[in-house]
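**Student:** As listed in TrEMBL for this protein:
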type     : residues : note
TRANSMEM : 6-25     : transmembrane segment
TRANSMEM : 32-49    : transmembrane segment
TRANSMEM : 55-76    : transmembrane segment
TRANSMEM : 88-108   : transmembrane segment
TRANSMEM : 136-159  : transmembrane segment
Amino acid sequence: MMWSYAFFLLFAFLTLGSVFLLLSLRQTLHAVFAAMGAFLGLAALYFLLGAEFVATVQVLVYAGAVTILAAFGVMLSRHRGEGRTTTGEILGFASALSFFLLVAAFLWKARFPLLGARGEGFAHLQDLGELAFDPAYGLAIVLGGLLLALALVGAVLIAREDEP
């Protein structure tokens, strides 16, 4: 048995175990840390498969930033008991669904050029950078920034104390 195959199986089982923990834990903060384990396991699998850039992005973005953001969100939010659904919650859900459908429709209609147009079979980082800063995708970048700003405002509204 080759060592790479053994490591692949090891990281695959660790990742699946972390996902199982994520789904079975009752404490939300513990589930966030189980998700971090799953993200790190996926990064190890990407690394073993030869996708070092994807593995690095997985560690930095998901295992790092997303996990910390989720942990802060859990710690800053107050647990409210089960109650009636308010008009504001219905309006918030409707606006979030509308925004999601708008972004989905935009992405459905967008014509993305092939990254491997040079015939090399793999996308280079330079090609990804050129596509990211292409003026044709300005609206998508602005919508992404708007989504991040709305998420930040929502986090502040959740975390603030009620005024007397």
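Glycine is no exception: its Cβ is also placed from the backbone N, Cα and C atoms.
Please treat TrEMBL annotations as automatic predictions, because they have not gone through curation.
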**Student:** Name the range, of those listed as 6-25, 32-49, 55-76, 136-159, that has the largest tally of Cβ pairs under 8 Å with the transmembrane segment (88-108).
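**Tutor:** Highest pair count goes to 136-159.
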**Student:** Taking residues 6+ outside the transmembrane segment (6-25), which of them lie with a CB under 8 Å of any CB in it?
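**Tutor:** Same-chain residues near the transmembrane segment (6-25) but 6 or more away: 31, 34-35, 37-38, 41-42, 44-45, 48.
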